[in-house]
Amino acid sequence: MCGIVGYIGQAGDSRDYFALDVVVEGLRRLEYRGYDSAGIAIHANGEISYRKKAGKVAALDAEIAKAPLPDSILGIGHTRWATHGGPTDVNAHPHVVSNGKLAVVHNGIIENFAELRSELSAKGYNFVSDTDTEVAASLLAEIYNTQANGDLTLAMQLTGQRLEGAFTLLAIHADHDDRIVAARRNSPLVIGVGEGENFLGSDVSGFIDYTRKAVELANDQVVTITADDYAITNFDGSEAVGKPFDVEWDAAAAEKGGFGSFMEKEIHDQPAAVRDTLMGRLDEDGKLVLDELRIDEAILRSVDKIVIVACGTAAYAGQVARYAIEHWCRIPTEVELAHEFRYRDPILNEKTLVVALSQSGETMDTLMAVRHAREQGAKVVAICNTVGSTLPREADASLYTYAGPEIAVASTKAFLAQITASYLLGLYLAQLRGNKFADEVSSILDSLREMPEKIQQVIDAEEQIKKLGQDMADAKSVLFLGRHVGFPVALEGALKLKEIAYLHAEGFAAGELKHGPIALVEEGQPIFVIVPSPRGRDSLHSKVVSNIQEIRARGAVTIVIAEEGDEAVNDYANFIIRIPQAPTLMQPLLSTVPLQIFACAVATAKGYNVDQPRNLAKSVTVE
């Protein structure tokens with residue numbers, strides 16, 4: 001989500017480009033990240049000049065064509081994915097404050113922006129946008145003028161200490177024609193090192209046409225770049241160093257982060273997708289706050305049935321969510337395929353809450369289900385990854401999954417983000433209705449916050465899974481078994497193989513094995529089994545281990561996904577894929593990832609285009 005570019009060169013050099021050229025082209029390179037507005041600020045003739053526009057970079061180009069910017073060697077630019085405030089010209093970046101002297105662009109979410117806005121308003125600051133970025137820019141201006149004695153680097157360090165959340169900030173000031181100052185925390189920022197010029201970018205795509213030498217910053221660091229050098233400090237002012245690296249891939253590959261496909265990149269994006277979906281949704285006391293849910297609390301307390309509607313992968317995310325929502329809220333919860341929902345005359349009323357899941361927000365089947373639900377008096381919450389799409393506009397309220405753009409047709413990171421957002425909704429309802437005590441909600445949120453790191457641990461072990469996929473590329477059929485939250489994970493694992501490897505695959509509830517599917521088991525049949533935690537409160541673990549014994553006895557090749565330390569599976573598994581220990585309801589965020597990696601490896605070994613599988617489209621906009 002969002003893209004940032006910064007450039008500084010030398011006055012009077014022989015280059016045939018200026019900051020405007022570098023920054024706008026960098027923004028184009030970052031378009032794949034997804035955005036809804038774009039803008040640029042430059043330093044020229046002792047002043048800050050800027051242009052910004054809702055829409056694509058082409059709209060910004062048109063704005064600049066109408067009102068040209070002067071030549072400059074210093075500039076910053078931004079493509080915005082709306083979070084605080086809608087996708088409008090006013091909310092677009094840069095935000096220019098301090099009587100036009102300071103320009104700031106920002107990626108991320110400032111969690112304490114409301115508190116800071118109140119503080120600054122009391123000091124006489126007026127805000128024209130709805131964004132957290134304008135608040136951060138005004139705080140930087142206040143500190144620059146009152147504490148830092150005109151030192152932009154010091155002001156950025158002190159500002160970083162005041163901000164909470166995830167952010168990358170770039171700033172230029174009319175009083176400094178020789179520098180850009182930037183800060184980062186839990187949001188990417190890379191320095192591009194040139195000769196007589198330097199760059200900043202949210203990733204190397206923003207400057208790869210100009211240099212292959214880059215430096216990665218760590219969290220809570222500030223960098224000041226000039227045309228000839230850069231200096232890195234920590235927020236406390238102490239000196240720091242970055243991590244230099246050479247970019248080995250070309251501009252086209254850079255959009256994929258150096259991976260061979262968007263799907264592979266998006267699998268690797270999943271820790272950030274979950275982290276960003278959680279970001280900004282807790283107050284300073286650790287209480288869950290979903291400001292986006294603009295439905296009266298009395299109505300939410302009166303809900304007596306929840307219906308989740310979705311298609312494809314999103315429907316499986318809904319099936320996972322059902323287990324959690326019913327468990328936490330004690331509200332009957334159904335999951336319906338959106339295209340079947342309105343044709344069976346569902347029983348809905350004003351006490352029904354319909355939750356619609358869609359990555360694109362344009363899935364026609366889901367939109368039609370939502371329209372039918374609202375006609376029956378039900379309230380609708382949309383869980384969506386695309387700001388400004390139709391579904392959030394037609395729903396009563398929306399929760400955005402901040403997974404960033406998902407380019408590959410087969411969904412990966414959106415699936416985990418949808419589960420995460422659905423869990424937040426369930427916890428919020430439980431908190432609101434008094435089904436869970438504050439400490440219980442806090443404990444569950446703590447578990448959710450641990451998931452990005454644990455997902456990364458699964459990804460770090462991907463070579464074993466890739467090798468397995470390559471070795472099984474000639475399989476004719478693969479089966480998947482799971483119980484409880486592992487059942488929809490099994491369905492999703494099968495769907496991934498169907499979508500991108502064109503391989504027959506089926507997912508089953510493991511308890512159904514004796515009721516028919518065991519007839520499919522024959523010598524050499526690969527079967528994935530998602531094993532629940534042995535620390536669960538019921539006997540599901542031992543039952544699934546028995547299932548493994550049954551299929552192994554009939555010649556199946558058993559591929560077991562089990563927690564670290566679960567030794568009960570050792571004697572019955574041909575292959576074991578270990579995942580970190582986690583509470584039962586958190587397991588799908590981990591156990592899904594090996595299945596994605598496996599499917600991608602099988603499809604790649606078969607020579608298929610994993611990003612654009614045959615006959616499929618990313619957004620299904622017809623019924």
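Cβ atoms here come from the backbone N, Cα and C positions, even for glycine.
If you check Swiss-Prot, you get these features:
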{"type": "DOMAIN", "residues": "2-228", "note": "domain 'Glutamine amidotransferase type-2'"}
{"type": "ACT_SITE", "residues": "C2", "note": "active site, nucleophile"}
{"type": "DOMAIN", "residues": "295-435", "note": "domain 'SIS 1'"}
{"type": "DOMAIN", "residues": "468-613", "note": "domain 'SIS 2'"}
{"type": "ACT_SITE", "residues": "K618", "note": "active site, for Fru-6P isomerization activity"}
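The residue listed as 'active site, for Fru-6P isomerization activity' sits 20 Å from C2 (active site, nucleophile), taking the CA atoms of both as reference points. When DSSP labels each residue, the domain 'SIS 1' (295-435) comes out as 68 helix, 28 strand, 45 coil, counted as helix, strand and coil in that order. Under the DSSP three-state reduction, the residue listed as 'active site, nucleophile' is assigned to coil, being neither helix nor strand. The domain 'SIS 2' (468-613): residue composition by secondary structure is 71 helix, 29 strand, 46 coil, according to DSSP.
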